[in-house]
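The block underneath contains the structure these notes are about, expressed in structure tokens.
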Amino acid sequence: MELEKVKINSLHCNDAVLSSHQPSPSATHPQSVPSKANAVTEASIIEKTNLQHNVQEDNSYNRDCDSPVSSSSEPEKELDDLRYLHSSSLTNSVVVGKSTGSLNGAYSITSVTSKTKTLEPNSASGSACLTIAPTADHIKKRIPSSRTPTRKALRIKFYRNGDRFYPGITIPVSNERYRSFERLFEDLTRLLEENVKIPGAVRTIYNMCGKKITSLDELEDGQSYVCSCNNENFKKVEYNTGSQPLSNLTLTNSRSNSHRLAKCRPSSPLKNGLLAGSNPLPTCGGGTGNGSPHIASRSSDRVTVVHPRIVTLIRSGTKPRRIMRLLLNKRNSPSFDHVLTAITQVVRLDTGYVRKVFTLSGVSVVRLSDFFGSDDVFFAYGTERINTAEDFKLEAEEHRAINVIRKTMRTTGTTCKGPKPKMPIKSKKVYPPVVDSEAFKAATTPEDDRHAALLTSTGMEINELPSNIRNTYTLGRIIGDGNFAIVFKIKHRQTGHSYALKIIDKNKCKGKEHYIDAEVRVMKKLNHPHIISLILSVDQNTNMYLVLEYVSGGDLFDAITQVTRFSESQSRIMIRHLGAAMTYLHSMGIVHRDIKPENLLVKLDEHGHVLELKLADFGLACEVNDLLYAVCGTPTYVAPEILLEVGYGLKIDVWAAGIILYILLCGFPPFVAPDNQQEPLFDAIISGIYEFPDPYWSDIGDGVRDLIANMLQADPDVRFTSEDILDHPWTIGNQGNECTTYKR
């Protein structure tokens with residue numbers, strides 16, 4: 001007698017059918033019934049056989065279907081039902097020769113077809129027979145064969161370069177999600193900005209050994225990589241590889257995840273601290289009231305004390321000891337531990353990490369605020385033993401080195417010897433106002449004749465002007481002239497809005513055409529309230545025409561000539577706007593290379609006060625992908641590293657801005673030479689030594705002097721960044737908050 005294991009099929013099975021109430025063939029032909037013990041033994045053997053058969057079919061199904069079916073698909077539901085019944089068969093299966101007690105009468109098993117098994121009652125009073133679940137072979141035939149497996153996305157963890165406290169982010173990476181390497185850079189930039197403060201866009205990816213990754217194919221599943229911004233070199237530190245990832249972000253719900261996880265996000269060495277008056281960081285308790293007082297005090301301490309400053313470090317070791325400097329700001333000093341990490345990277349102790357820091361008087365530094373107090377010289381120690389009697393004494397050579405450093409940071413006034421220094425000669429001329437005279441305006445000549453007269457005065461013909469510019473704008477007076485270009489004031493015929501038309505003569509730029517292309521390319525990328533906007537560009541064989549935003553007040557050089565010097569409040573407005581423009585440029589990896597008063601346009605009110613400042617003239621601007629070596633710029637504003645030809649980057653703009661801020665407050669530059677001779681001027685710039693002479697600086701506070709001293713550091717590594725300018729207390733303050741004490 002053929003015996004089969006009984007499995008009750010789920011009611012969800014679409015192939016379930018009800019068998020007719022007919023006598024079972026096994027019931028009409030009497031057969032010998034085995035003993036109860038034999039029946040149980042035989043049923044157990046058959047049950048094991050069917051169990052192995054079902055496991056083989058399940059494995060075959062898994063091999064055929066590499067990509068799992070959606071949980072809502074009908075075949076998977078059937079297969080789940082089959083597996084569920086199979087898993088429960090050891091306890092709920094009907095065994096031949098035994099009554100289950102759940103149906104009326106005993107049951108016998110009959111094989112109806114190869115695909116369907118039915119259960120029928122022996123007695124006429126039994127209920128309808130139930131159909132057994134279809135086999136796995138039948139389910140496999142119903143699964144669409146056109147389904148192809150998709151490539152699994154790689155799970156990659158990314159760290160911030162040099163940030164050993166940041167736990168990293170884990171995101172899926174695949175060729176389907178990222179069609180190009182640049183697209184991955186964009187998403188990493190966005191995701192990192194939600195967690196840490198980064199100095200710019202992600203431009204390079206390294207593996208944990210420092211090897212540069214150049215394509216998506218080089219990324220490996222489950223591995224970690226380091227993101228670098230603004231072409232920073234790889235920093236080999238102990239990244240936080242042992243911690244849990246900050247968030248397993250997906251690109252579809254990154255904003256919601258970021259908002260959810262922000263409540264308990266730890267501090268990062270590159271997270272920009274909050275400005276005074278900003279809301280404090282949320283705590284893990286969900287609010288300031290429920291948070292830990294210790295955490296709240298640390299956050300408040302960071303907000304109030306951290307500001308950009310340069311400190312001097314004395315490395316422990318054999319005397320005379322090495323002396324170096326470090327720029328502390330809100331990006332590398334959000335906590336005490338982060339400052340120790342920054343010091344470790346600079347001093348490079350033989351014993352490893354810096355564990356202990358002392359002031360020059362031997363007082364242990366234990367709080368973040370101690371780095372931003374009156375002391376600016378610190379001893380850095382690792383695990384070595386400290387000899388308090390000898391280690392805190394400076395030798396004569398060490399004293400001299402510290403005094404040289406302090407000389408570059410000196411903000412005290414000195415008596416001016418000789419006549420007052422003068423401003424340098426303006427680097428570009430402005431045409432006399434005869435072109436804009438009332439007689440010329442009242443002339444009855446046709447408009448084209450007026451345009452022709454204006455252009456003829458510059459050696460150009462009216463027919464050379466592009467038709468779309470000639471038909472859209474009316475030509476006004478000449479407002480400026482450079483080495484290669486002429487600037488007209490123009491007015492839109494329909495709206496009446498004023499614009500500036502810059503005409504670049506290509507014949508005067510032979511061999512320098514790349515500067516023109518770079519200017520247009522850079523300006524098309526820019527959109528900032530303190531940067532002149534490019535409205536239209538027309539390229540012709542002989543000239544390049546640029547329609548630009550017009551600023552009514554003229555350039556800053558003329559404003560300085562008229563008023564000689566500005567107040568601190570007026571200077572603060574202008575340096576804020578210039579700092580914001582530079583920060584925007586530098587975040588995009590763009591350096592201006594020619595920041596000077598002639599290229600800064602100002603908007604004035606009726607009393608002559610500056611309301612707004614805008615950065616213009618991007619003829620020398622370029623993207624910074626590596627150190628630059630081209631010697632360019634204006635002598636008075638050129639940085640030392642340009643003159644030394646050792647390579648320069650974004651911080652040359654900060655140097656030029658420091659020169660301008662100095663000029664705004666006293667009316668002359670910090671570095672001057674008799675008769676404007678270049679060689680003595682360049683020697684003075686390279687030395688980096690200047691003064692704040694009285695009486696011109698006697699009424700100017702220490703706050704702005706400190707800012708200038710940090711912007712005019714000859715060493716670009718410790719020179720302020722454009723963001724540090726905006727974070728400085730003097731820049732943040734106002735007229736009623738200029739009493740901050742600055743000690744050196």
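Using the three backbone atoms N, Cα and C, a Cβ is placed for every residue, glycine included.
As recorded in Swiss-Prot, the features of this protein are as follows:
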| type | residues | note |
| --- | --- | --- |
| ACT_SITE | ASP594 | active site, proton acceptor |
| BINDING | ILE479, GLY480, ASP481, GLY482, ASN483, PHE484, ALA485, ILE486, VAL487, LYS502 | ATP binding site |
| COMPBIAS | 17-35 | compositional bias 'Polar residues' |
| DOMAIN | 154-240 | domain 'Doublecortin 1' |
| DOMAIN | 309-392 | domain 'Doublecortin 2' |
| DOMAIN | 473-731 | domain 'Protein kinase' |
| REGION | 17-38 | region 'Disordered' |
| REGION | 54-78 | region 'Disordered' |
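Sequence features annotated in Swiss-Prot and their locations in the structure.
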residue: ILE479; record: ATP binding site; Cβ neighbours (10 Å): 21
residue: ASP481; record: ATP binding site; Cβ neighbours (10 Å): 14
residue: ASN483; record: ATP binding site; Cβ neighbours (10 Å): 10
residue: ALA485; record: ATP binding site; Cβ neighbours (10 Å): 21
residue: VAL487; record: ATP binding site; Cβ neighbours (10 Å): 22
residue: ASP594; record: active site, proton acceptor; Cβ neighbours (10 Å): 22
Pairwise CA distances across ILE479, GLY480, ASP481, GLY482, ASN483, PHE484, ALA485, ILE486, VAL487, LYS502 (listed as binding ATP) top out, in Å, at 15
Looking only at C-alpha atoms, tell me how far VAL487 (ATP binding site) is from ASP594 (active site, proton acceptor), rounded to the nearest Å.
18
Nearest-integer angstrom distance between the alpha carbons (Cα) of the residue listed as 'active site, proton acceptor' and ALA485 (ATP binding site)
16
Averaged pLDDT, computed only over the residues in the domain 'Doublecortin 2' (309-392)
88
Using DSSP, how many residues in the domain 'Doublecortin 2' (309-392) fall into helix, strand and coil?
17 helix, 25 strand, 42 coil
Please list the DSSP helix, strand and coil residue counts for the domain 'Doublecortin 1' (154-240).
16 helix, 26 strand, 45 coil
DSSP, reduced to three states, assigns ASP481 (ATP binding site) to strand
